[in-house]
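Annotated L-isoleucyl-5'-AMP binding site per Swiss-Prot: 584, in sequence order, evidence recorded as sequence analysis. The annotation ATP binding site is assigned in Swiss-Prot to 628. What Swiss-Prot records for 938, 941, 958, 961 is Zn(2+) binding site, and it gives sequence analysis as the kind of evidence. Per Swiss-Prot, the feature motif ''HIGH' region' maps to 68-78. Under the heading motif ''KMSKS' region', Swiss-Prot lists 625-629.
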């Protein structure tokens, strides 16, 4: 071998070519913008993505995809959700499970209608028919789905992208109609007048899941006094016994005795039909400073007194049940209304303890009204304006000018006690961002009461992760009312009913449902708008077509998505019903988890899932919700592709985005931002560089011919394989438990602490300096080959592209083209030997202490490389002494040397203290002395040895390197 001369003028030979330097095509930089799409194309061409899961022979695993809405760009919430699902699916595929992940999209509803309307000019809007709107909405949804699908694929998500489920598909809509019919025939679907959350801005009823409750809404808060006109005899007797004699005549009583109520919705007073009290609460009759008497809850006397600005003196006290049957005069109209007994919703936490009851404008009010057969009055139209039933207030908007006019009328009549602004949370339409009201309308409902107990029992049988999810959904199902499933929109699945043109008869039976189901299988829901009634009706009804008109309501979109179990997973032999797992954001306890539960329980008496896993929301680095107004939106597209300024917004690639998902405790809200991405990029770089180092040292190694028996390996290598086995086990457990942040921590620790900082640091001399075929090098290479294959395997569910890139850069022949074809890493029993752990952990602690001492010398510029040092160790710790003895007696003489492990030129155990030392340290381990190494520096291995200059052909080398050079030559 020719040893070239250096260029420094000293005429010294260079031994660089005699070293085993790194060689690999696995680049230091990921170049993810180019490389990741190449790897995705490789998966596609080789049928390695979701097709791998379909080909597996193991048991079926079904993670049922909750459908994102087909509108708008993908955001960090999408990334968190879909990547979590992909990690789980890929792990299951690697375990050999049969996996077919069917992605879905929620396609109906108002937001898409609004997007379509935005694109139309005035003339187009005027000419817009329901079917024209539906065609445009479907086209818009398909376009959005295509864009979102491309984004999901770029993230490395494996799914049956060519066969997704869409809630607008014919077969999906047909299955939904069938489900509706099954619920109807079990008696769970009914039509009735009932207060529902109504959005005047979108003119439709809303489900609870379609509401949001922003802070800072201001309502007019008023205290009002209604005049009492009649008392039951028993109440009069009770008051008389307490010394309170009241006028018997109506006029005299009404001038003297009032009942005080408090409300933040003055506009509901025209619909007042009663006041409700709690039969178990103590109520007082209190005298104000004008000698008027007020009925209020005893516990609220001081608060009411302060609010109305008048001292209130207790005159008499009665239980709430005594007030049942009292009559009062309506404050705005000439009518008499009763006191009634309400439920536990009446408390003494606020107000007066007496509730103004308008059955047409509240659920509790409605239920109480039904109990007492009160009129259900709702004098408000779909746009939020008073109708003629509101008398002089007709035409006023209940959310704008009605409150002011009503308050003025109360002032004029002398009924107003107090008015002031009240800031509180108030239900808003989540789409239009405008306030809603309670409004009684004719709607279609699913009677949750009919199967509530079954639903609660089903909740108990599901595994909820985190466990708090169980309590959350259980309380929601316990407390919820019947589910209003009708909407007054055109873009949706119709409620398949017919109404008689004369009278109030509704046509809904098995024959009509079966016929409409068959039509929808063939034509989709558009048939409801495109076909005449004669064709929508079964043949035996077609002659009566002129007597019927079809319904105009569509189904709540939560009924759409909540039907996915019947439309998707229960219809495929490749999927499980109930699904093994549902995984969505924590807001879905009131959304998809619940709607799916209710429909499945109603029809099949069990939940559609065995396990439910929830995640939090993606926030900015300061814990704030992302919004355009705050300018804090983190765009996943920019994370992958970079911004305009690549220095400020680098192109990190999909794997860094995926690494972020694995790094967070997703059970709570999770932060993301530039600083976090920068830190994650550093972690990713360390993992990548570790893999590159492993690959770079395998360029001339083939385990088929260079492999060794595990039992013949040095102690250091045996320990490293045992540690690798432990890490594979721990990562496996983390994936089984969906604890991906533990995977992240384990991966980081393994690559940085176990490999880079310890094993590979020690291995540099073995790998670079040894002769290519030396045992000390081949044994290390064998271990590196075993590790790199396992490393690629365990990171593949998360760092999918990087794992594949590693696999394709392994220089020796593998049986599998893809890391995913190897399946989940297996660890032979021969790797496992925990007897090495204690002594090596002790020596690692010693190494840490020595490194600190060496660093102290470097800081004082007394040392450069650690190989310039010699170390004397005088252990006082018996455990350490035993570990050093174990190494000396059992270690391989070419590898397991303490000076190699400490990366110094000489180590002395015990003996007399050295005369000349750079540093002395004494701690629990014992005494550590650092001295300058004697001898000269070998120009090849950089060790300091006493024999430098003794070899004529290589005067600058130590004896070990001379031997290696001569063997290479």
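Yeah, the Cβs are placed from backbone N, Cα and C, and that goes for glycine too.
Shown here: features listed in Swiss-Prot, placed on the structure.
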{"residue": "584", "record": "L-isoleucyl-5'-AMP binding site", "Cβ within 10 Å": "22"}
{"residue": "628", "record": "ATP binding site", "Cβ within 10 Å": "7"}
{"residue": "938", "record": "Zn(2+) binding site", "Cβ within 10 Å": "24"}
{"residue": "941", "record": "Zn(2+) binding site", "Cβ within 10 Å": "21"}
{"residue": "958", "record": "Zn(2+) binding site", "Cβ within 10 Å": "27"}
{"residue": "961", "record": "Zn(2+) binding site", "Cβ within 10 Å": "24"}
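Spacing of residue 584 (L-isoleucyl-5'-AMP binding site) relative to residue 628 (ATP binding site) is 24 Å (Cα to Cα, whole number). Here the C-alpha separation of residue 938 (Zn(2+) binding site) and the residue listed as 'ATP binding site' works out to 63 Å. In this structure, the C-alpha atom of residue 628 (ATP binding site) lies 67 angstrom from that of residue 958 (Zn(2+) binding site). In sequence order, 769, 939, 940, 942, 943, 945, 948, 957, 959, 960, 962 are the residues of the same chain, not among 938, 941, 958, 961, whose CB sits within 8 A of the CB centroid for the Zn(2+) site.
Residues in the motif ''KMSKS' region' (625-629) partition by DSSP class (helix H, G, I; strand E, B; coil) as 0 helix, 1 strand, 4 coil.
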